[in-house]
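S.K.: Per TrEMBL, the features are:
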type	residues	note
DOMAIN	C:70-120	domain 'NADH-Ubiquinone oxidoreductase (complex I) chain 5 N-terminal'
DOMAIN	C:138-425	domain 'NADH:quinone oxidoreductase/Mrp antiporter transmembrane'
TRANSMEM	C:32-53	transmembrane segment
TRANSMEM	C:88-107	transmembrane segment
TRANSMEM	C:182-198	transmembrane segment
TRANSMEM	C:218-239	transmembrane segment
TRANSMEM	C:251-269	transmembrane segment
TRANSMEM	C:281-302	transmembrane segment
TRANSMEM	C:309-331	transmembrane segment
TRANSMEM	C:337-355	transmembrane segment
TRANSMEM	C:376-395	transmembrane segment
TRANSMEM	C:415-438	transmembrane segment
TRANSMEM	C:459-481	transmembrane segment
TRANSMEM	C:517-538	transmembrane segment
Amino acid sequence: MLPIILLSVFGIALLFLGFAKSKAILLPATLLFIAIAFGASFVDWGKNYMYFNDMLLSTNLSIAFTAIVLLSAFMVVSLSSSFLEDESAQPAEYYAIMLFSLVGAIMMISFENLIMLFVGVEILSVAMYVLTGSDKRNLRSNEAALKYFLMGSFATGIMLFGLALLYGTSGSFVLSDLRSYVNGGVAYGSPLLLYMGLLLLLVGILFKVSAAPFHFWTPDVYEGAPTLFTAFMSTVVKTAGFAALLRLLSFSFTGIYSFWGVILMAVTVITLVVSNFTAVYQSSFKRMMAYSSISHAGYLLIALTAVGQQSKQALVFYSLAYSVATIAAFGVLLVVSRHQSGEGKPTDESYDAFNGLARQNPLLGFIMTVAMLSLAGIPLTAGFWGKFMVFTTAANRGIFWLLVVAVLMSAVSIYYYFRVIIAMYLRDGQTTAIRVAPFYRYVLIAATILTIVLGILPNLVRSLV
Amino acid sequence: MQPTQQVLIPEVIQQIPLNYYLIFSTALFVIGIIGVLTRRNAIIIFMSIELMLNAVNMLLIAFSSYKSDPTGQVFVFFIMAVAAAEVAVGLAIIVMIYRNTRSIDIGALNKLKW
Amino acid sequence: MQAELLCILIPLLPLLGFVANGLGFRRVPASLVGPLAVAGPVLSFLAVLSLFSNFRAGGNQPFKALLFDWISVADLHINFSFQIDQLSLIMLLVVTGVGSLIHLYSIGYMKHDEGYGKFMAFLNLFLFFMLLLVMGSNYVIMFIGWEGVGLCSYLLIGFWNTNTSYNNAARKAFVMNRIGDLGFLLGIFLIFTTFGSVEYSDVFASATGMTIGDKTVLAITLLLFVGAMGKSAQIPLYTWLPDAMAGPTPVSALIHAATMVTAGIYMVVRSNVLYTLSPLTLEIMGGIAMATALLAASIGLLQNDIKKVLAYSTVSQLGYMFLGLSVAAYTGGMFHVLTHAFFKALLFLGAGSVIHAMSDEQDIRNMGGLRKYLPITFWTFLIGTIAISGIPPFAGFFSKDEILAHVWEHNKVLWALGVLGSAMTSFYMFRLLFLTFFGEFRGTAEQKHHLHESPLTMTLPLMVLAVLSVVGGLLNVPHALGGHSALAEFMAPLYAGSQQVNPAAFGGHTMGASEELMLMGISAGVALLSAIVAYVMYVRNAAVPAPDSAERSLPAKVVYNKYYIDEFYEVLIVRPVRALGDGLYSVGEFVVDGVVGAVAWLVRTVSGQLRLVQNGSIGSYVFAMVLSLALIIALRFFINWTSVLGYLNI
Amino acid sequence: MNAAYVPSDYLPVFIQLILALGFIVTTMIVTHMVGPKRNSQKKDDPFECGIPVVGDARTPISIKYFLIAILFVLFDVEVIFMYPWAVNFKQLGVTGFLEMILFMGLLLSGFYYVIRKGVLKWE
């Protein structure tokens, strides 16, 4: 649990570092902080410890998710060099908020008590509301922030009501108590309250991970938010949300699988179908990525639907593969759109922005291509194994019809992922050579290499979990 | 349930049946939802959400009393603190929007769509 | 140990070539690109040869080279290992051997192209994936190779990416392949759940304990066959292959004739135990294969694009291969894969040489008389044509005959249809040959001036392949002709499992040598007759197919021609066949593509409608959320789901 | 013990409700009745030092007000954590005291940050 403490302290420290004359120190400091927290998260490796009066539980699984979240954050932060050029931005605050939100994410990942789940969700969400609206003069950013905020609080309310009902029926917020309550048959209280409570709680978290039909905020918010924070949201929040769902469902509520299994299946199917179909029509790359993020929530949900020992590893692997590829894609989008505004063109986040990109910028083209291939699940990229493992969980459970839907939808997804590749390689555009800062480039290259290496040697991650 | 805790909670509270609280809170919660659904003013929507949260608080305290278990009340503290943080951020966002558009009508905010 | 090292080297060498040329694109000097790219395939060919001789010396013992534990999650274990046995060795020989020749050819063919280095790199990458496909010891590695070759094929078809229609062809190929891949993927999952493993040895070992006609095996084999349909261009997923001719000619030769498209046949032969367990699948396969073979052949009769003719011929020959598999003549299918790789690669490369000489002209109506200008190309093309037509003693005769003989035992009607197809094959191939190389030159003066024989890097592969096309048939000379079916003997251990589950399907030859000789005589005679008809029509009468703009009525010189046989032929055969061909062509183009197009349209329309739900208003979003919540509650608490769950098998 | 409430038990609540409402209503009515009323057009106009009205009555309020209000909400609410702490002060002992010091320290660092940001500068 060291990372929680460290990140909180580092966050406060960053706030005060912001008063320093030179802003240049902020980025390396933040990266250093995250790296330290990353290292510190492995202190508890191999042990199952309870922390903070049994409020949090550290297991290898939680550490793996923590590591993914921290890695994603590290990569996103390292893509943030443009902050320092923009005068109206307040980098110290942004970085501090990101660190605080990571605390929330880690709480969601390793909660043992539902109070911690709630506090974690809120820390993460409130931080995201702020970051979404951080482009204060931009009406789209404003609108996105308000939408996210209102709908997010609404979802929080629903989740809280569920928590209250669970408490009312079981008399405890502790996961192991809930587990024995669920498994011991319904000793006292009412099963209706239990079911309603679980349902509402699920809806609250499903909202956060943007599963349909609770996904409506996602495209608008992702589109309106500054691209960097979109990358942050679509990776960190999603990973943490799924870790929380996994912990809840695979530990406490396995006893009533018959209740939530079918709900989750329905949600999965709706998520997959709606997101993949809608993504086809998008003309904005950023908005497509929002739908892509929803669709990946769908694939991740498959592993939850078929919950079992294998789901854990599948979820870890998939989250990692998805996060790395998504950040690489957003990283390229950031460079390209900044380059355009640098040239005095209006910022364009549609597919057209990538037209002819690969001619003058083979490296960026290659990075984007690998990211898209991974998201589409083409072999020898990490995304393929992610999908493969997730699908295997479903096959193991014998949920074949779900598998068929998922496989069909992944075929649809090829269409919109390949549009980017086609635009980059086959269309004509006036994109000139883009100068990319060395560190930025290294991060993108590292993400690409990670994607390919995991595609060739997927067992690397497994040996970690 | 430990007997020592039972002393902490006055028995008189338990004289109103728990179901009443349940129904009352649910009603309050649903009123909040309806408020969110029907209003167009961002502040009022936000107030409705606060109403939902308070319905939850109410429910938690009732359960807590009936189970003679203080955890529920502790949770209420957390909810209140977090709600305060939400209020702060929410108001800031609403003020920001008002400054930019001179309106807090959510109906006008649909530039992001499709 | 040494064998394992060889196993690693075989796919690794082309990959290294890809890395060198791919990363060094525009940096590697042009003179080095070729040697770099050819070195990989040639060296792996040598490695394969050494592996093969070891294998023969070691008494044909199949072995598995376990490289590492690839992925193991809970009860999912997949090894990265290579299966070396008779089947993979044959495929390896074909892939690396023919692959090396085509790489060599590409140096001459693509040298002046702007993207020369990129092209060679992609070609190397393709070879890498293809080697993975055939060497892998489990379905997952096969699938990875399967997807990988699809991707490379996509990249190479769209290689001249400035042309929009080429891009569309590339996308069409990819989409159709994906449809097939989905079936394959689902099949793999079903295999995994049924047998608990995806390793060939485990799967086939447990499959031998099953009964014939098992429902699960039926589903598995059908799903796998859907994959094969996509990759090996069978009805209804065949229309991508003719369009794929947009790619450079060496690509057509390597990917769309010799190697990738035969992956489906390889997969079926590999899974022969499963297919033998499911006779129904084999029946379906037989029907589809026959229909494909006839349809493609009849379309080929009227094509005027030199590469299109060859493409339809490939589809049709693939149909023959599946036809062989469907009657459990697995060796026959593989044998045809082998010989087809030789002569079809030869024909494509020859066509490439012609196109090269004609300054990128592909219409045979503008060719003619090239015999004098391109002697080597002509002679090798002639050999290829004879081989594919099934005229003894060239390679195609033996392999096609083996298939037809098995079909005869199985079903006489299918055999008759097969012979009909074979007649059409012979006709359109000779028509192609005569129109291209005989008669007067019909192109422009400029083209005529430019005509030249191709350089040695291009003609050398032609000559090697020509030799192989002549003698390739000797690998498996049937007993009836005094041979001893060497290939069949060699491959027999592969079918041990099949024989165990269904001895009846491997009853051995029941027909006598005289019956077999008669069949051979008939098919060879028919092929020869078609060739003669083609000769009469296109050389003696010098008929030239009408340009596209002319009306479809018969050209005057054909109507007034004095040969009774021609008129007879016109009225009784050409017209119906032409009508049939046109009709079938439209079926292919409009129905299949229409269905694909309709699905795409549907997706887009649904997408367009769905996105309108996202109307930007918070109120409606929240309303949708509350509504779905209410729906869930209503469905969950007011409907009894126990029965539904039971139905869904959960 | 668990005898249910009878309606008469709600009487005190009801009476308090009526009293509260009654007080508000009474004051509103009384103020209207007690004061003299002289209406004229001039008087009903918005009036500002004899200068004719310009612009909107709702002048933009300085953002400072909002900031301070928001900060008040934030810091004010933290008090709720001190009640249970104070009640259990003895049982929690030194550890509890240190923990509260840590908590207050965090709050104060936030306060210091606010001051450094110049939010409370009243210019």
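Cβ atoms here come from the backbone N, Cα and C positions, even for glycine.
Give me the local environment of each listed feature.
M.R.: Sequence-distant contacts of the transmembrane segment (C:32-53) (same chain, six or more residues past either end, CB-CB distance under 8 Å): 3, 6-7, 9-11, 13-18, 20-21, 84, 89, 92-93, 96-97, 99-100, 103-104, 106-107, 111, 116-117, 120-121, 123-124, 127, 131.
Long-range contacts of the transmembrane segment (C:88-107) within the same chain, counting only residues at least 6 positions beyond its ends with a Cβ under 8 Å from a Cβ of the stretch, are 10, 34, 37-38, 41-42, 44-45, 48-49, 51-52, 55, 82, 119-120, 123-124, 127, 130-131, 134-135, 248, 250, 253-254, 258-259, 266, 334, 337-338, 341-342, 345, 349, 352, 457-458, 460-462, 464-465, 491.
Beyond the transmembrane segment (C:218-239), the same-chain residues lying 6 or more positions past its ends with a Cβ under 8 Å from any Cβ of the stretch are 146, 149-150, 172, 176-187, 190-191, 194, 260-265, 267-268, 271, 274-275, 277-278, 280-281, 284-285, 288-289, 291-292, 295-296, 314-315, 318-319, 321-322, 588-589, 592-593, 595.
Listed by sequence, the residues of this chain that lie at least six past the ends of the transmembrane segment (C:251-269) yet keep a Cβ under 8 A from its Cβ atoms are 87, 91, 94-95, 98-99, 102, 105, 123, 126, 130, 133-134, 142, 145-146, 149-150, 152-153, 156-157, 159, 224-225, 227-234, 241, 244-245, 275, 285, 307, 310-311, 314, 318, 321-322, 325, 330, 333-334, 337, 340-341, 344-345, 347-349, 352, 494.
Nonlocal intrachain contacts for the transmembrane segment (C:281-302), taken as residues 6+ away from its ends with a CB within less than 8 angstroms of a stretch CB, comprise 218, 221-222, 225, 229, 233-235, 238, 268, 275, 308-309, 312-323, 325-328, 410-411, 414, 417-418, 420-421, 424-425, 427-428, 431, 545, 577-578, 580-582, 584-585, 587-588.
For the transmembrane segment (C:337-355), the list of distant contacts is 90-91, 94, 98, 101-102, 105, 109, 249-250, 252-254, 257-259, 262, 265-266, 306-307, 310, 313-314, 317, 321, 361-362, 367, 370, 374, 377, 380-381, 383-385, 387-388, 394-396, 398-399, 436, 454, 458-459, 461-462, 465-466, 468-469, 472-473, 475, 487: same-chain residues at least six beyond its ends, Cβ to Cβ under 8 Å.
Counting residues 6+ beyond its ends, the transmembrane segment (C:415-438) has Cβ neighbours under 8 Å at 290, 293-294, 297-298, 300-301, 303, 306, 309-310, 312-313, 316-317, 319-320, 323, 354, 364-365, 367-371, 374, 378, 381-382, 385, 388-391, 400, 403-404, 407-408, 519, 522-523, 526-531, 533-535, 537-539, 544-545, 577 in the same chain.
Here the transmembrane segment (C:459-481) has Cβ contacts under 8 Å with residues 98, 101-102, 104-105, 331, 335, 338-339, 342-343, 345-346, 349-350, 353, 376-377, 379-380, 383-384, 387, 393-399, 401-402, 405, 453, 487-488, 509, 513, 516-517, 520 of the same chain, all six or more residues outside its ends.
Long-range neighbours of the transmembrane segment (C:517-538) within the same chain, counting only residues 6 or more positions beyond its ends whose Cβ lies under 8 Å from a Cβ of the stretch, are 389-392, 397, 400-401, 404-405, 408, 415, 419, 422-428, 430-431, 434-435, 438-439, 480-481, 563, 565-566, 569.
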S.K.: Tell me, what is the mean pLDDT of the domain 'NADH-Ubiquinone oxidoreductase (complex I) chain 5 N-terminal' (C:70-120)?
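M.R.: The predicted confidence over the domain 'NADH-Ubiquinone oxidoreductase (complex I) chain 5 N-terminal' (C:70-120), as a mean pLDDT, is 85.
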S.K.: Tally the residues of the domain 'NADH-Ubiquinone oxidoreductase (complex I) chain 5 N-terminal' (C:70-120) by DSSP class, grouping H, G and I as helix, E and B as strand, and everything else as coil.
M.R.: 30 helix, 13 strand, 8 coil
